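First up is the structure itself, then whatever we jot down about it.
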Amino acid sequence: MSRPPPTGKMPGAPEAVSGDGAGASRQRKLEALIRDPRSPINVESLLDGLNPLVLDLDFPALRKNKNIDNFLNRYEKIVKKIRGLQMKAEDYDVVKVIGRGAFGEVQLVRHKASQKVYAMKLLSKFEMIKRSDSAFFWEERDIMAFANSPWVVQLFCAFQDDKYLYMVMEYMPGGDLVNLMSNYDVPEKWAKFYTAEVVLALDAIHSMGLIHRDVKPDNMLLDKHGHLKLADFGTCMKMDETGMVHCDTAVGTPDYISPEVLKSQGGDGYYGRECDWWSVGVFLFEMLVGDTPFYADSLVGTYSKIMDHKNSLCFPEDAEISKHAKNLICAFLTDREVRLGRNGVEEIKQHPFFKNDQWNWDNIRETAAPVVPELSSDIDSSNFDDIEDDKGDVETFPIPKAFVGNQLPFIGFTYYRENLLLSDSPSCKENDSIQSRKNEESQEIQKKLYTLEEHLSTEIQAKEELEQKCKSVNTRLEKVAKELEEEITLRKNVESTLRQLEREKALLQHKNAEYQRKADHEADKKRNLENDVNSLKDQLEDLKKRNQNSQISTEKVNQLQRQLDETNALLRTESDTAARLRKTQAESSKQIQQLESNNRDLQDKNCLLETAKLKLEKEFINLQSVLESERRDRTHGSEIINDLQGRISGLEEDVKNGKILLAKVELEKRQLQERFTDLEKEKNNMEIDMTYQLKVIQQSLEQEETEHKATKARLADKNKIYESIEEAKSEAMKEMEKKLSEERTLKQKVENLLLEAEKRCSILDCDLKQSQQKINELLKQKDVLNEDVRNLTLKIEQETQKRCLTQNDLKMQTQQVNTLKMSEKQLKQENNHLLEMKMSLEKQNAELRKERQDADGQMKELQDQLEAEQYFSTLYKTQVRELKEECEEKTKLCKELQQKKQELQDERDSLAAQLEITLTKADSEQLARSIAEEQYSDLEKEKIMKELEIKEMMARHKQELTEKDATIASLEETNRTLTSDVANLANEKEELNNKLKEAQEQLSRLKDEEISAAAIKAQFEKQLLTERTLKTQAVNKLAEIMNRKEPVKRGNDTDVRRKEKENRKLHMELKSEREKLTQQMIKYQKELNEMQAQIAEESQIRIELQMTLDSKDSDIEQLRSQLQALHIGLDSSSIGSGPGDTEADDGFPESRLEGWLSLPVRNNTKKFGWVKKYVIVSSKKILFYDSEQDKEQSNPYMVLDIDKLFHVRPVTQTDVYRADAKEIPRIFQILYANEGESKKEQEFPVEPVGEKSNYICHKGHEFIPTLYHFPTNCEACMKPLWHMFKPPPALECRRCHIKCHKDHMDKKEEIIAPCKVYYDISSAKNLLLLANSTEEQQKWVSRLVKKIPKKPPAPDPFARSSPRTSMKIQQNQSIRRPSRQLAPNKPS
């Protein structure tokens, strides 16, 4: 890159160099190269060159090189500054992600500064380098940047950082045509419009010397007006001089790819722009039919159909397509040598399909589009699919150890449509004037937009009101729901409280019972004791009788003993009471002492507080006096402040007035300047206009003069010849003179205008001078006012300083006052607290005094009692002495009595021993009884608790039982209904069998009749043949007779006449026979047609009856299993299945499997659609139902024989490349015999089977050559079988779908296993099914594999195919495989 020479003179250089014209021109050329946005060395490219170099070199391993380190030290900082100044992703707010592809994503963004909405495409540099495809984005950038066509999405700017490339493009809110086709049934009128726009858009691309190569509805976007624009130019390729392209890889989307592009993957890649017209034909077919013309489930099928397009292209009978449309599609979908558009776009435009009254090829973009998108705002993205957030980690370049140059391929990518760098050229000024006009136009448009936005806001308000109403209704509903829930919770709480109360009641009852038991026990004890007492009394009476003599003495002794015991007891109680009183006296004295000490302490504290209070009161008085003085000072200060504020406000008003005057002066100055500039502009414009008009007039005069001279010359030459035209010439001359006079008057007027303009200019000059003088005077006044303002500001500052000082003093004083007030409050609080303490202590003291007085009174009473007790005790002692003396006298008597007593005692001891034995027995029994009773009580308690629990359980069980009873009742009812249904079904089956038999009999009759009719037909045909032969013979005979030469004899005339008569008779007979035969033929043909129609109807009825029979059989099978389960359940008193049920691992019975599966549906969308069907697998059949109602009504949608199953397997991505990647683990495939299928009527035609010559047969396989552009492995050698851009040649079996390298076949390797599928492809069908989960898919596959017969089913040679040979919904659903690149504004 050569640097431009510096502007200054080089030292030592000759002067001639600086003024060299050649050097200046070279500099201008260099400048032009730098300014040119298409130049590889423009300003942005140069800046891009520095930035990636720094990014690629700024690594520790590379910095070890001294040269690199010096370079980085020199340019690192400036490059960072450049990055900060250039546009970056942070300049935009991301609204939503509207598309995601292999290399990045498309975001809907709003520019922060201008608030404009754009679509921003992000391309990962790492992904592009990793996939070695870092060149496709250049075509896309260049086309969008430099196309300048209304048919191409515009690029506003492109920039980059170290991770991504960014392309800020025009946002297309209408979405793509895939979205339009999925939302609308496209009529031919619309298809005509969109095809025309696509043709014009492709013509624009072709005129740029490029071929698109990936034309499809995904890359056709609609703007806000509904008009079409092309996008995704990553596959574009530059044409050579001959308008052709050389390429060895097949590029594009499989459904839209042309045969010549497909052939290019074999190395014959040489084709032209006609490949794009093929794609237009596919697109038109898809719009009119709803699907692509060469659709197949597999990639191989699609490619084979495209290559065999002559045979595989067919139009469905039910599609309403005009002849012109069919003709255009066929003209596009043909060989490239004869394809429409090969000789230019004009032959397409002239096709009769495009003829209409509404638009033509020139004004199509100005006409209203068929569908104008309804947008709620400028960021409305309702026409784009919602894209899930990408939670994956962003991959970046690893840190290199040597120079790699990862950023170098992206140098020069940066582009700005409105480039402001180096924009001081005259062309830029012209651009500015154009821009100003554009701005004015945009302002007008904005006004219209504002009106529309106001209308929109009113609509939105109405919508919000409706939403508020909805919300209010919803809130009411929620309130009602909440109230319901609260009532339910209340009910539950009440029920729980009831249970608790029942528990408590039961416990209380238990306690009551226990107490009753104990009372009973005590009563029993009492009775026992009473009985013992009675027995003892009896014994005592016996003893009394025996010991009458000793009774008196013992009684006396007992009395004395009792008296002694009583006195001793009294003494003990008195001593105890005395001790207690002493203790209480001691404790009360201690308490009194403590209270007295507390009282003293409180009195001391009170004295101290009173002294402190006096001090505080004094301080408070002093502070109040200080406060009053401060207040006086403050009022004085506030008066001073008010005065100062008044002065300041006056000064401020003066300043404001001065500013207003200044502003007025400046305004006048600006107005005058503007007026001056306007006048200058007017003057210049007038001068330019005048000069221009003068030049124009002069030119016209010169022309008129030359013409006049020429006419004169011509007139002079041709006067003799054209004498009659002299008058006309003179009139013309007069007109010319008039024109000249008019031109002269115009010239005079212009001169007058010029003079007036000059006068005005002179007046304006005078005005300008005056205004300048005024401005100078005003400036002087402004300076004076500025000085006054400065003085005033100084004064204001001084006053403000003083004010601040006074305010600070005031603040200090107020703070001191506040602190004093706070301390006063605290002291008051403390004083109040102490007073409260004192009051409480005084109350305690008074209470203690009362207690002490009470205690003293009690002490006196107790002392009196003591004295009385002591006196009594002395009396008792004397009595005891006397009694002792009496006792001593009586001891003698007692001794004698004791001897007797001893004898009695012995007897008594023996009786006591016996009594003790009985008592111990009674005690042990009593203990055992009590223990037993305690255990019983515990058990009873447990029993009550258990009973409660049982009650609760019973309540629950009652509910459960009621529910179970209900279920049992319902089951019984169902059982009854089932039994009745079984009976009915059996009857129905019998009836159906009878009907079947009758139908079969009728069929046999019809067949017999058909056979007889055929025999009759054969007879008639034979008769016809005989008649024809007779006729030919007769004709030949006649020809012979006619060709014979007539003999001369007269006698033969009679023979001739006779033969003529015979001939006429024969002709007559022939005619009559012909008429008879034709009548008979018509009659028998009618009968044949009627019989065939009857047979078709009967066969349809038979199929329907057979399907209903199959469904009934499966229902009977299910009912039988349910009956068995019910019987087992009733026997074992459980509802669950018994041990006898043989169930599979998945919970279903071994013989039966049922659930929801989805079949592929074909409509006009680009995504794989599925329709749910309820599938039942019985022991013999697989039944498909549209819904559970159809199942109940025994109306199956399709029935398959299990005996006719060939193969069941899970699919791979290559088998269903159109399906979503998430759905593939849930899809499986069933292969079955054609005759084992019963279905409802066909809506779509059966796809034609390809020719067998295209298949390579090997080991039972039927291989189809193909290529894989997405991850696939060879099933023979397990090596990769794919590549993104140059995949190896591959083979795929159309029977078992095994995939392998083509080299294995070419080298005749024995790696390839033989084909596992043994069936005739012409008599077999495949069916794709989608399960709800991968587990369900595995379950279905495993269970169906078990049901496949070991021997493959032999095809029935006599089986007739049903007239209803397909389902309502076709199996082969159109799934669009995404293109290689990411399209703008939409998911790719």
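The backbone N, Cα and C atoms fix where each Cβ goes, and this holds for glycine too.
The stretch that Swiss-Prot tags with region 'Disordered', taken from the ranges 1-24, 337-360, 889-912, 937-960, is 1-24. When Swiss-Prot records Ile98, Gly99, Arg100, Gly101, Ala102, Phe103, Gly104, Glu105, Val106 as binding ATP, the matching candidate from Lys88, Lys116, Lys121 it lists for that site is Lys121. Residue with the densest Cβ environment among the modified residues Thr414, Thr1212: Thr414, by other Cβ atoms within 10 Å. The Cβ neighbour count for Asp214 (active site, proton acceptor), using a 10 Å radius and every protein chain shown, is 23. Taking the domain 'RhoBD' (979-1047) as a whole, pLDDT averages 70 in the prediction. Geometry remark: Thr414 (phosphothreonine) versus Thr1212 (phosphothreonine), CA distance 42 Å. Rounded to a whole value, the Cα-Cα separation of Asp214 (active site, proton acceptor) and Thr1212 (phosphothreonine) is 26 Å.
Residues in the domain 'REM-1' (497-573) partition by DSSP class (helix H, G, I; strand E, B; coil) as 76 helix, 0 strand, 1 coil. In the three-state DSSP scheme, Asp214 (active site, proton acceptor) is classed as coil.
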